[in-house]
Structures are given as structure tokens and as C-alpha cells.
Amino acid sequence: LEDADFDNKPMVLLVGQYSTGKTTFIRHLIEQDFPGMRIGPEPTTDSFIAVMHGPTEGVVPGNALVVDPRRPFRKLNAFGNAFLNRFMCAQLPNPVLDSISIIDTPGILSGEKQRISRGYDFAAVLEWFAERVDRIILLFDAHKLDISDEFSEVIKALKNHEDKIRVVLNKADQIETQQLMRVYGALMWSLGKIINTPEVVRVYIGSFWSHPLLIPDNRKLFEAEEQDLFKDIQSLPRNAALRKLNDLIKRARLAKVHAYIISSLKKEMPNVFGKESKKKELVNNLGEIYQKIEREHQISSGDFPSLRKMQELLQTQDFSKFQALKPKLLDTVDDMLANDIARLMVMVRQEESLMPSQAVKGGAFDGTMNGPFGHGYGEGAGEGIDDVEWVVGKDKPTYDEIFYTLSPVNGKITGANAKKEMVKSKLPNTVLGKIWKLADVDKDGLLDDEEFALANHLIKVKLEGHELPADLPPHLIPPSKRRHE
């Protein structure tokens, strides 16, 4: 890891088959065109484009990008010219890119021909990015869910990074609700066959562009899903330091295991004769060597590199040049993992608490923050927020009838009497306790007719599936109680 890997902003990697709306998704987030952007129904993006913040708008080509020490891309040199000619950075001054960078990838194709014609190892490049990004978003088009060979190879290359993967089912406004349910089920089934984890991947359903919805029936669902996805992306800068620390720990553990493997192979090699045949034997029996190391050093099998890949790489190595194990260096790594990292964790937490809130701002993220088009505005506990009249007033006559059957004394009913009525809602006590706390505005342990009406209104809000507010919003305070304030 280089300095640039630590200094850089969190990155979001977009992966998907061609024409699933990856480039449009970026445009939707940053709300402006970026250099090098091409959108169309055919495979248009044939390059990896890193969309990053810069003082002026422009494009930096791949070869120049990998020699820039301020960018985290220097190690991409290894993929050669065929890849570098198809890699660039589009930089522009945009508030969203102030806190995150976005990597647009070429559309994944199907069939053998395209895989050969790329000229570089597409899956390996994606794997390289997957290790370094903070979030991987897989995009699917609601009209084409078939997962091609290359796509399933790519998803397999993202193995070990399942915690970073989120799935977006895009263009969902183009199909009816009934079809959408079937499409969602089919997508989950396909993903389950490729991503072999017991946990289900989080899938966001929506239409991520700024055009009118073709079938607006599921508008509320799309709004809620978009909001959830935005919250997920907005949390990235806040957790970036810990994610980098996590990567460092992961690498330290892998390096340690690597040292054990290499020194074991070195130990087994004869000094003079039969080196080649011994090397062949060792490569073939690498699995047994893994098990031996696992037992001797109590290392989890999940920390070992892929057996097949390691065997391929070892074919071309000269085992006699391998180093013997240096216990002192291993002790240093163990000391770092046990002590230094723990101290760093505390420091990271302290620094984060002192820093101002680090959420992603600008672009589409500002569109739903405030005002009447904020998510959930005027619904649930927010109903009647702009009305002059008290919103509970319209149902108060119904609530009053119940109130007067509960034997009020001096215009108020006791908690025990209110409880008899409130438990009829079948809501759990924890929820009813919260409603009581919100409704008992003057905190006297009794409810008057207005407070009782308010309690019933909040029960209705909860039964309709909305969340209760932490504090009573000003527009719900009963009119007679407002005068005291």
C-alpha cells in the first residue's frame, strides 16, 4: 500500500452488463456530464473511467495516470498497455466528487469472442479494484437478467469482498408491479447460485435517472430504496479510515501466511540434485503443505491464497532462491496486529469524533434532503405539518366519545384507564410506552382529552407502518399546550 492509497477518497465501483445504466447512474448522482461520457443502448463505455474531483474539467489518459504518485493507480502498470489504453480519469469540480470517487467499467459482454478481444484480463483488473474500493455496486437491467459467462466470472472474482457488494435492479419503472415481483425473485435466484454466501445480498430497486417514471405505481417504493442506497453511499467517507485499516490488517495476515508457505517450500528443497522433480512434487502437493502449516501455526484456512492460482504462479519460480523464515520479522507483524493496530483504532475513533460530519453532499444527494420533496415529508407523524389547523382535530370527536367512557376526573384520565384502551391496538408495550411519553405533553402522568386524542393519532401512525418521532413535532402539540410554551 502506498501513501496515495491512504490519502485518497473512498471509491465506488460500478459493475454490470452493457446498457444496464452504469454511466447514467453516475450522471444521476453528480447531476452533470463528465468528460469521456457516452451513453447508448449498445456497449458504449469500452474503458475504465475513474470519475474524480479536479480543479478543472479534463481527461487524464491511463499511461499518465499510473505514474502519478498522488493517485492510487500506480500498481495497475502490471496489466500492460492493452489495459492502460482503455483506462482514464475524468476529473471535474463537482461537490459529490469532493467526498467520493466513482469508477465506471466497460459493459460486460457474453460469448467467448469478446473475452478474447479485450486483450487484457478483465476479471483480474476488476479484482484489483475490488480490493481497493469501499463499495461495489452491481447493476442489473429489469429487462435482461441473464448472467453471462463473463459476468459470473466477474462476480466470482469479487469473492471475499461480499461485504462491499450492493445490487441495484435498475429501470424498474418500465415494468408492472406483478412482473417486478417475478423479476426480483428471478434475480435473487440467479445471484444465489453465483454468490455462495448464506446471507442475502442487499438489492435496491428503482430507476436511477432523472426522467419521468413510465409506470409510476411503485413510486413510493423507488423513493424509499433510493433513499436507502444514498444513505449507504453517504456513510462511506465516515468509515473510510477504518476500512483502510481493515485492509492493512488483511494484508498483514496474508503476508504472514505467504512467508510460511515460501519458507516451507524452501525447507523441502534438496541442496544439489533432483531440484526440478522435487519442485514438481511440491507444487502438486501444495494442498498438503497448506494443511501442515494450518496445523502447526493455528492459522485459519480462510487466510490461505487460492490453491490453483498459487500452483500456477509457482510453476515459473526458482525455489532455491526462496528465503528461509525470519522469526524476528514475524514477531514484528504479530506485535503490530496485537498492539499497534489496537492503538490506531482508538486514535481513528477519536479523530472522527472531532471532525465535522463527513457525508457525501451535492448532486442527487441534495435533491431529497429538505422541503416537501424530502423522503416521508407530510406522511406518518409528519402529516399536517403545513396545516393551520391541528391535524388531530379532525378525528377528535371520535376519540372524545371513547375518552368520556373512561371515567375522567377533572377532565383527565389515569394511566391505568388509558392503558385499557391503548392495549386494544395490540401494539407491544415498548411502543405504547413511547406513545404515552410523547402524548403526555405536560408530564403529569394523566391524559386530558387533547392528549388522549394525540395518543390515538400516534397509534394510528404506527399501525399504518410509519416510524414514531423521537420528540413530538411542533405541529402535533395540542393547541391548549402551545400557549404555555
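Note: Cβ is positioned from N, Cα and C throughout, glycine not excepted.
TrEMBL lists 6-237 with the feature domain 'Dynamin-type G'.
Here TrEMBL flags 395-483 as domain 'EH'. Across all of the domain 'EH' (395-483), the predicted model scores a mean pLDDT of 90.
What TrEMBL lists as domain 'EF-hand' is 427-462. Sequence-distant contacts of the domain 'EF-hand' (427-462), counting only residues of its own chain at least 6 positions beyond either end whose CB sits under 8 Å from a CB of the stretch, comprise 380-381, 383, 391-393, 395-396, 399-400, 402-403, 406, 408, 411-415, 418-419, 468-469, 471-472, 476-481, 484.
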Within the domain 'EH' (395-483), residues counted as helix, strand or coil by DSSP: 53 helix, 7 strand, 29 coil
